[in-house]
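Visitor: Okay, handing you the structure first.
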Amino acid sequence: MSLDSNSASKNVQRHYSYSRKQKSLSLLCTNFLSLYNREGVELICLDDATSKLAVERRRIYDIVNILESIGVLSRTAKNKYAWRGFGGIAGALQGLMEDGSKKECLNVFTGDSSSKELEDGEDEESLSNPNTGSQNDKSDASILSVSASSRTENRREKSLGLLTKNFVKLFVCSDEDMYSLDEAASRLLGDGSHSAMMKTKVRRLYDIANVLSSMNLIEKTHTPDTRKPAFRWLWPKPKSDTGTTGVLEIKGPKKRLFGTELTNIQDRSGESLPINKDQNCAKKLEKRIRHESLTSEASGSKLKDLGQGQNYHFGPFAPHDTSKLDAPSSRKVKEPRDWNSLASKYRPQYQNQALRDLFSHYREAWKTWFYEVGEKNPVRN
DNA sequence: CCTTCCCGCCATTGA
DNA sequence: TCAATGGCGGGAAGG
């Protein structure tokens, strides 16, 4: 008997186009953020998210874990998370940075150093000895003693959340701004660029990088020398010393959404921002956008009148923040900022990453939404 | 071909 | 016990 009802007849191919991108974690993340970055949202119920976003539960866990380790959410109970918003990021980064530098110094002493610091009891992991443990594939340390606590700990070590934190630490705790995923992976493992562990690690890093990209904490590029793909950090890094700059304060419980990152294309290290490349991108993008808006004018034009008619209600991703992002963005464009060197020619409109990504995300989101509605809504009429 | 990474099985955890 | 959670890697889409 087994399978007869499911695979059978009709839905071999969902309509004309199935695209992985419609199901990507980064899109999901964007939608998630759109859904909850709104006035009055304090608590998030996972069931709610699952149904509103119409995705498998498993994926929600992915998103939520990553967001939590960035400080956007915090778990309050089973099935419940508190919304911290983008304003929580600065604090989280600060914490990560302190944590990172402390550990680096600490392991000079004993290997023990039971450090239990602020709030969340999260500590980790190898990287103490770069090359001692070497090959310990599966049966590591499973002698007889530490199996109870160590097992749990072992599991935690491999969690997406922790990996995210460590990945972010890579950027925040150093001057390095760019890593390829392989680099990151091998750095996160104890430099043992070995075996299948790397592969798995990298797989996870793809996931993480994608959601961080969708929030514009990082962006995908490639190394200048090699053509290898890599990720560049975009968010302001916390200052190592206390006091001084109050640039990234954590004011309200909630802050502007995409406003912040629109302001920081390149804050520190104001050096060589690849102008040429950027202009190229801008041009290319402009073209693409124009083209796509023909192809899918629905999304394009809709997006525009969100600004005014903000009562329009649609799918999983709500208009609310459109106003928010419309404001800063347009302001941004005409503001004679320090990067007016870039703005000199060509339309300043889409030259900034954040905006660019945003628009493309919204376009994707719209497509997805339309498909879904179209499909599961024969009752409609 | 190689890179990216979605899907969902199934082990763990927690109530 | 069972439901919620979340490693993990196969293998398919994308380039």
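Positions of Cβ are set from backbone N, Cα and C atoms, glycine also.
Features from TrEMBL:
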COMPBIAS  A:141-150  compositional bias 'Low complexity'
DOMAIN    A:20-85  domain 'E2F/DP family winged-helix DNA-binding'
DOMAIN    A:155-235  domain 'E2F/DP family winged-helix DNA-binding'
REGION    A:112-150  region 'Disordered'
REGION    A:316-337  region 'Disordered'
Visitor: Looking at the domain 'E2F/DP family winged-helix DNA-binding' (A:155-235) alone, can you tell me the average pLDDT?
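Guide: Per the prediction, mean pLDDT sits at 91 for the domain 'E2F/DP family winged-helix DNA-binding' (A:155-235).
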Visitor: How do the residues of the domain 'E2F/DP family winged-helix DNA-binding' (A:155-235) split into helix, strand and coil according to DSSP?
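Guide: Helix/strand/coil tally for the domain 'E2F/DP family winged-helix DNA-binding' (A:155-235): 44 helix, 12 strand, 25 coil.
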Visitor: Quick check on the domain 'E2F/DP family winged-helix DNA-binding' (A:20-85): DSSP residue counts for helix, strand, coil, in that order please.
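Guide: Tallied per class, the domain 'E2F/DP family winged-helix DNA-binding' (A:20-85) gives 38 helix, 12 strand, 16 coil.
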